[in-house]
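Enquirer: Feature annotation from Swiss-Prot assigns GTP binding site to 12-18, 40-42, R305, 331-333, 413-415. For D13, G40, the entry in Swiss-Prot reads Mg(2+) binding site. Positions annotated as IMP binding site by Swiss-Prot, on the basis of sequence analysis: D13, E14, G15, K16, N38, A39, G40, H41, T129, R143, Q224, T239, R303. According to Swiss-Prot, the feature active site, proton acceptor maps to D13, an assignment based on sequence analysis. According to Swiss-Prot, the feature active site, proton donor maps to H41. Among the features that Swiss-Prot reports, substrate binding site is placed at A299, T300, T301, G302, R303, R304, R305.
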Amino acid sequence: MANIVVVGTQWGDEGKGKIVDMLAEKADMVTRFQGGNNAGHTVVVDGTQTITHLIPSGILQNKTCLIGNGVVVDPKVLLEEVDKLLGMGVEINADNLLISERAQIIMPYHQAMDHAREAKKGAQKIGTTGRGIGPCYEDKAARKGVRFVDLLDPAVFDSMVREACEEKNFLLTEFFKADPVDPDAIIAEYTEYAKRLAPHVVDVSVVLNQGVKDGKQVLFEGAQGTHLDIDHGTYPFVTSSNTVAGNVCAGSGVGPGQVNEVLGIVKAYTTRVGMGPFPTELEDEVGNRIQEKGAEFGATTGRRRRCGWLDMVLLEATARLNGLTGVAITKLDVLGGLDSLNICTAYECEGETLNFFPADLKVLAKCKPVYETMPGWTEDISGVRNFDDLPENARNYLNRVEELLGAPIKIISVGPGRDETMVVKDPFAG
């Protein structure tokens, strides 16, 4: 038995939703610990695609799903998601969907600030999703954010919203030259959300720790990817939370000793949405082919993902930052049909070889990938369910990735469906 944290190893969009959905079958509790509705986790069951943005993917397996204190929650989006899932026949109640009373709430003024800032930056924008995630985390750090425990106290909530709107409206109108927000409308709208969500609000830390004491298996579901981490990512082209495995404790209220396994989700190639350096990016027919075959469009934004070869310099940093105990390789099938495959094993920058991912984006922008080339395969592998049945060149590719990464491959995904997966070793077995 083990408690597992699942993290993205690249720039997000690695296929975490599918893997979490599969692992949830053996889990008792599934927990989100950071991020907001800027994440989109896609699950395909019996040909039906379901995308969740806030509710943990485990809800489709009727598991106890928890939204930790490290998550920033847009209650409107959350309730829209609840209603959509209920309409699909998914059971959601106050027993299987629990929200931390300490979780921060995204307010309309956060979204207004997000849009106003991006508009003012113009060409220098960082590519935010505009959902108010960053401004909400800012208010949290400034100790003036609204938590669920505050939302459920009408007098406290009223006072906090009016004070916040006074400050935000000054910035919106005077500095950004944007429209103000209406505190009365916000209070009325969010009071209705409070009525529906109140039964779901609990102390998630207490629930989780009691579950662990009772021998329940917990799956912690990360959002985005390691290199979007606010501290360790390609700053400032990052998200506003810590996406690495170490944040699972702070973001959900459990101790480090209660996390046994760290499973990194590795897409068989690399993708990135939005701005920022991308050393292995392919801006040719191969890149277009991968983009089209892999259907590389953001589940949350619909934006086209930039595509490139697998980057082991990037992944070395990921393994080091997260302490990976295993990996799941996704979208291996997308590489089928290519004559040869490249794996980036180092960077070359102004005559020097770099083996570690640089923090300075000016340096990263100058980095050229040093490639190791391997033969590809032509066979359709979407029906393969055992590692030994994969084409020899596919096995060689995976073995080389495992060797370079220094962490065992435990799961291989060869298609979007729940059944298009092979388990090399059960992560819950440790």
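For all residues, glycine too, the Cβ spot is worked out from N, Cα and C.
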Enquirer: Which is it, of K18, R303, R304, R305: the one of these binding-site residues whose Cβ has the most other Cβ atoms within 10 Å?
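Expert: Ranked by Cβ atoms within 10 Å, first place goes to K18.
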Enquirer: Within 10 Å of the Cβ of L332 (GTP binding site), how many other Cβ atoms can you find? Include all protein chains, please.
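Expert: Its Cβ shell of radius 10 Å holds 25 other Cβ atoms.
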Enquirer: Just the number: how many Å between the Cα atoms of G40 (Mg(2+) binding site) and Q224 (IMP binding site)?
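Expert: Checking the Cα atoms of G40 (Mg(2+) binding site) and Q224 (IMP binding site) gives a distance of 9 Å.
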Enquirer: Reduce the DSSP letter at L332 (GTP binding site) to three states and note it down.
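Expert: In three-state terms, L332 (GTP binding site) counts as helix.
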Enquirer: Counting distance between Cα atoms, which of the binding-site residues G12, G15, K18, L332 is nearest R303 (IMP binding site)?
Expert: G12
Enquirer: Across all protein chains in the structure, which of the binding-site residues G12, G15, G40, G302 has the highest Cβ count within 10 Å?
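Expert: Per the Cβ count, the most surrounded site is G12.
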Enquirer: Cα-Cα, whole number of Å: G12 (GTP binding site) versus G302 (substrate binding site)?
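Expert: Between the alpha carbons of G12 (GTP binding site) and G302 (substrate binding site) there are 14 Å.
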Enquirer: Let me check the 10 A CB neighbour count of D13 (Mg(2+) binding site). How many other CB atoms are there?
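Expert: A count of 29.
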Enquirer: Taking each of D13, N38, L332, V414 in turn, which of these binding-site residues have a Cα lying within 10 angstroms of the Cα of R305 (substrate binding site)?
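Expert: Checking each Cα against R305 (substrate binding site), the hits are D13.
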Enquirer: In whole Å, how far does the CA atom of G15 (GTP binding site) lie from that of Q224 (IMP binding site)?
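Expert: Rounded to the nearest whole number, the Cα-Cα distance is 10 Å.
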Enquirer: Given the binding-site residues T129, Q224, T301, and counting only Cβ atoms in the protein chains shown, which has the most within 10 Å of its Cβ?
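Expert: Buried the deepest by this measure is Q224.
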Enquirer: Let me check the 10 A CB neighbour count of T42 (GTP binding site). How many other CB atoms are there?
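Expert: T42 (GTP binding site) is surrounded by 19 other Cβ atoms within 10 Å.
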Enquirer: When DSSP states are folded down to helix, strand and coil, where does K18 (GTP binding site) land?
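Expert: The three-state answer is helix.
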Enquirer: Could you round the CA separation between D13 (Mg(2+) binding site) and L332 (GTP binding site) to a whole angstrom and send it over?
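Expert: Between the alpha carbons of D13 (Mg(2+) binding site) and L332 (GTP binding site) there are 14 Å.
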